Amino acid sequence: MKSARAKTPRKPIVKKGSQTNLKDPVGVYCRVRPLGFPDQECCIEVINNTTVQLHTPEGYRLNRNGDYKETQYSFKQVFGTHTTQKELFDVVANPLVDDLIHGKNGLLFTYGVTGSGKTHTMTGSPGEGGLLPRCLDMIFNSIGSFQAKRYVFKSNDRNSMDIQCEVDALLERQKREAMPNTKTPSSKRQVDPEFADMITVQEFCKAEEVDEDSVYGVFVSYIEIYNNYIYDLLEEVPFDPIKPKWNSCSTPMRNTDFVPPQSKLLREDKNHNMYVAGCTEVEVKSTEEAFEVFWRGQKKRRIANTHLNRESSRSHSVFNIKLVQAPLDADGDNVLQPEFCCEKSLQIFKNLFDRSDKIRL
């Protein structure tokens, strides 16, 4: 039996934050990583909740004969070494997820040298889920009971969504389930023990005032940017045993050799938004499914880095969470067509840099 919905008059989707054309300022936060060893020299001091001061290392002071200066830097907020993952999420990421659910795009960007704690902050560690699993958890806590069935929303090559009827969606679900070795995430699978402890978030968090007259879908994609080339980390490259692959030495590759992925192209859609053409978008129904897709991309990224001898300082990754919202008809039975659909994204951007790197926002 289908749960009854209140038959309220249809009204257009109100997009929170769309009342002004002004761009939001970029909020820059600083998180200070604890020292690896107690006897290490600390060169950074938290002055207050918005300012840090850099101290010149003792050895450098001696070499410069006292010719040095100490510099202070200001941020929107500074998080000290004892900041918990939840405290960081509540201030930095929670507002972005709330805006996403209410119809606004967002960008969460980590920037720092190798070993500065970006992975711990973004992904987390066993028992301490990072910003990504907490963002996913908040999204699914908020829209869980209002999710459309799988394949009702279907991504196309125009950076938008098509809407299928219930019958077509059911047929596609049956078709996918019958396919051998399918890569489609499933809530029936057991969570991978490699990341099970990272996605277990103790604190329950959800957005308020979610539109109950709509249904929602979540799609994720994962790309890597390296030397101005864009690679799809979720793309399944079929192997053709008849047509050999060729390596950099112009000799055929063995079946077990690594096949480098093809670079993707940036294109502009009808609304003048830039997107990666042909990028794999995977529909997910839970935090576990979404993180499973992310972890799959992480493994492929590590394999590619090993075979292509990439320097981590030149590699940038973007995990994109697209939230699709479409209103139901007055009876609450059918999803209205794509022209009523609202699609917004939260991009999780991880950047590694060295002294010569520059960034433009």
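Using the three backbone atoms N, Cα and C, a Cβ is placed for every residue, glycine included.
No curator has checked TrEMBL annotations; they are predicted automatically.
Per TrEMBL, domain 'Kinesin motor' is recorded for 25-361.
Sequence-distant contacts of S116 (ATP binding site), defined by Cβ-Cβ distance under 8 angstroms and a gap of at least six in the same chain, are R33. What TrEMBL lists as ATP binding site is G112, V113, T114, G115, S116, G117, K118, T119.
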Within the predicted model, mean pLDDT of the domain 'Kinesin motor' (25-361): 82
Cβ neighbour count within 10 Å of T119 (ATP binding site): 16
Among G115, G117, the most crowded of the binding-site residues [Cβ within 10 Å]: G117
Cβ neighbour count (within 10 Å, all chains shown) around K118 (ATP binding site): 19
